Amino acid sequence: MIFSNLVLHSFPEKSETVTPAEAVPAPAASELPAPPVESSQNTEGGNITFTAKVAGESLLKKPSVKWFKGKWMDLGSKVGKHLQLHDTYDRNNKVYTFEMEIIEANMTFAGGYRCEVSTKDKFDSSNFNLIWHSDTLIPFCRGEAKSESQSDVDVWEILRKAPPSEYEKIAFQYGITDLRGMLKRLKRIKKEEKKSTGWRAVFIPNICVHILFFVNSLFRYIFEAIGNKRILTINHCSLADDAAYECVVGEEKSFTELFVKEPPILITHPLEDQMVMVGERVEFECEVSEEGATVKWEKDGIELTREETFKYRFKKDGKKQYLIINDSTKEDSGHYTVKTNGGVSVAELIVQEKKLEVYQSIADLTVKARDQAVFKCEVSDENVKGIWLKNGKEVVPDERIKISHIGRIHKLTIEDVTPGDEADYSFIPQGFAYNLSAKLQFLEVKIDFVPREEPPKIHLDCLGQSPDTIVVVAGNKLRLDVPISGDPTPTVIWQKLLFESEGRVRVEMHEDHCVFIIEGAEKEDEGVYRVIVKNPVGEDKADITVKVIDVPDPPEAPKISNIGEDYCTVQWQPPKYDGGQPVLGYILERKKKKSYRWMRLNFDLLKELTYEAKRMIEGVVYEMRIYAVNSIGMSRPSPASQPFMPIAPPSEPTHFTVEDVSDSTVALKWRPPERIGAGGLDGYIVEYCKDGSTEWIPALPGLTERTSALIKDLVTGDKLQFRIKAINLAGESGAAIIKEPVTVQEILQRPKIWLPRHLRQTLVKKVGETINIVIPFQGKPRPKIIWMKDGQTLDSKDVGIRNSNTDTILFIRKAELHHSGAYEVTLQIENMTDKVTITMQIIDKPGPPQNIKLVDVWGFNAALEWTPPQDDGNAQILGYTVQKADKKTMEWYTVFDHYRRTNCVVSDLIMGNEYFFRIFSENLCGLSETAATTKNPAYIQKTGTTYKPPSYKEHDFSEPPKFTHPLVNRSVIAGYNTTLSCAVRGIPKPKIFWYKNKMDLSGDAKYRMFSKQGVLTLEIRKPTPFDGGCYTCKAVNECGEAEIECRLDVRASLKVFLHSTEFSILLSAKSGMRTHYTLQCWALISSSVSWQQATQLH
């Protein structure tokens, strides 16, 4: 926006010491504003004068000046004892001087000021400040007056690049009044857009509105002018359009502010519950519908702010939002909530102390020289590491000693055992006060001299529960060394089942012992194994019991009962097979139905077969599963329970009262419960019992969803107690009971009509309108209602009446004039009555005035008289509308509107013209449908010499039809619409006829004729070869006729299906004309076509 030759100069002055400023000459249009004024000081109690000088060389009238303090305080309304405004004009230099004088200044006048100068199409302003410093007031200017070039400065870009310390300075320099709002919007906008400074509409005398705006895209802003309305439409609204808008018409201004809301951000993937150990990292993840969206994190209803970043870390990755807790503690347990402006998601975090369970401890070993010794233990946490000790010293692995950690199993393997390996071995898990110890015994093999013949002997030393029982964990390898002796070397026989020596169960024979091996022991391997050794001297036998123990089978799916608001009871049965070891306890897990993450509910084993699960979220669907644990380990999980939802019964209904009582009925009403819960509300159950009894009887069959009920068929005189309960999936709520018993007996109530306020005066309606009068009343028992009109009983065929227990309704579908009158309503109960009267007036449009006369015509005036209309439409005549019409044009113009007299003088008539006059009558319904019109015109005679116009012979413009553009011969393809066109002229307008081969085409639907501005067109719909021929267009009027013709050839499109390589076809052509033939061929492979003319036709 450019303002030429409008420059504002601001001069703060000290009234006692500063002399008045000299007149400032008007600068040229290209000059910049004067530099900032120099500061001056004034002590408290003195006067301060601020002077603004405006160059008015190019101004047509005096500019308007406004002084402001702060943002919007107009000082023009504060003029008085301490504030004066003055203005002068220097005619020699053409400079306007405006002064603001502060009298007896004190500290209350300190602050920011602004001076605004504006004319019809120019504007400028200057900001300055008055600072209170000790006992001194210091005025200074905030910056130069805004120049023409500043209108193109992008303030948003300047704010975005500037440091926060410069924001106030920029606001002063560019006159920003809402800096805080701009900074908030600037922070929310991810992709910077140039802010629109709004728009201004300037009213011009010729009813033209100029729209001045500063926008990046002109296509998003649409400016419309519809009558007196000016409309600005913004397409594809964004946050950049959040601004103040101003419309200026003349000196009138209108302001508005547009607030743009961000679209709601939805949570597409909710949070999931988590259970961790103390010290572990916790990461909550959710996904929202918009990248980089701002979300709010809460813990147990308390917002997690940026001040707690040392504890919590917030992360954004596209549409995913993360809350990270690096080192969790028990205090971090609770419900975490993520909120957006379009959704909420809640998840629970449970932090447990670290507890380690030993599923399998290391056992003492006795091995022989050069054998393998394996110490193995199993703990509950696969991430736990540990160290192995030998007699208190850490074991260092080498080629012979191996240390392994696979999952929850820790192993120490010693190959080729030597006597030096005999010691106490221990495993210590890191971070836990556990010490698992076992002893390794070295078995020395002593060779003694024995006789040559020695009976066989089995030297069995079992490590099981009894001397002949060996226990092995399912899946482990069983290796049983059975030392034998005998000379000669005995043979060994193992008996139980048939097995192959190279299979999973096999026997290895050695000179002094045999080895029994089971690879991956299974439950079927249990039983008594008999080993028999024989030699010629004798035999020996021994029974070895092998017992395979395993983890328990998974229990059956748990059952859920006693479901509450945030708790439930879980029940289950022991597993069918305990794995050969007693079940030590159970582990329970739960998850949300739509989640895949199971959360453990207990770290200590559950000994009982029931458990009360708590801290669940009402309305969320959960599933449960259970593990059985014995000394070997944990079973597989049981099948998931049936999905269930924690819900609670609603609270009791509120405001339970008795609405009405009769001899056999009681009407009750209530309000819904304050707390309904996630289970919703199925309905209400209403019960009653007699006073003194304890038996409650249902008052209604089944549940009712309404908040009121009418209990019928009660015994008159009974005293009854009533109660109501709310029902949902979780059960019944508490009962709401009426405090006092209710006696079933009609209460006599005097009839009383409550006449609405608008019916206490005359009810006026127009003819044809619908009338619906509702009159409420009270009275018991139900009163008798009587309607009367003007003392007569109402006709039920003409007027509809409906009565109820509380009101009576008068209904007229279509009002007529005869419905006017006084309506009386009477209520009667026994000998008590009450009555009211309603006055109804039906009005219609009046008739036209009567006896209109043109009384006199003189000069440029005409006098009219008339009488009121015969039919006033049942309403007072409010006035008349007088209109005039020139006899030449007969266009009517209103002369008087709402004119109340029955005579008038119409002035300002044009000399030499003749006028007709008409008059409409008017009442509340509007103007009469017809008007009374003067029979004879009023002639306004010319003054002076009478002019006699010469007589001219009227020219005859008639001419016979003549074609200006002929029809053209055409050749078209069959099946495509075609047109024939020509042009004709003639006065009067000729009639047009189309012929084909001398046959009239007027009644044929295949042809359509058009005539527009003398251009004639004949359209032929989908012509065939039979439509070819000679077409003639004929034009006829009173002066003569003319015709023109053309030739139309319709050729068929030729399609030939090739079944052979040669074919012949008969083609026809007209002599002397160029003929075009089209041949369409279809072939599976590329082919060529040649044309030949037959030598002879048959």
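Using N, Cα and C of the backbone, Cβ positions are placed for all residues, glycine too.
Small disclaimer: the values here were computed from a predicted structure and weren't measured.
If you look up TrEMBL, you'll see 17-45 marked as region 'Disordered'.
Taken from TrEMBL, the feature compositional bias 'Low complexity' covers 18-40.
If you look up TrEMBL, you'll see 27-131 (among others) marked as domain 'Ig-like'. Remark: secondary structure over the domain 'Ig-like' (27-131) totals 7 helix, 51 strand, 47 coil, with classes taken from DSSP.
Secondary structure counts, DSSP: the domain 'Ig-like' (263-357) has 6 helix, 48 strand, 41 coil. What TrEMBL records for 263-357 (among others) is domain 'Ig-like'.
If you look up TrEMBL, you'll see 456-545 (among others) marked as domain 'Ig-like'.
As annotated by TrEMBL, domain 'Fibronectin type-III' applies to 554-650 (among others). Mean pLDDT for the domain 'Fibronectin type-III' (554-650) in this predicted model: 91.
For the domain 'Fibronectin type-III' (652-747), the number of residues in each DSSP class (helix H, G, I; strand E, B; coil) is 0 helix, 45 strand, 51 coil. Look at TrEMBL and you will find 652-747 (among others) tagged as domain 'Fibronectin type-III'.
TrEMBL lists 751-839 (among others) with the feature domain 'Ig-like'. When the domain 'Ig-like' (751-839) is classified with DSSP, helix, strand and coil residues number 6 helix, 52 strand, 31 coil.
According to TrEMBL, the domain 'Fibronectin type-III' annotation covers 848-943 (among others).
What TrEMBL lists as domain 'Ig-like' is 961-1045 (among others).
When the stretches 456-545, 554-650, 652-747, 751-839 are ranked by Cβ pairs under 8 Å to the domain 'Ig-like' (263-357), first place goes to 554-650. According to DSSP, the secondary structure content of the domain 'Fibronectin type-III' (554-650) in residues is 0 helix, 35 strand, 62 coil.
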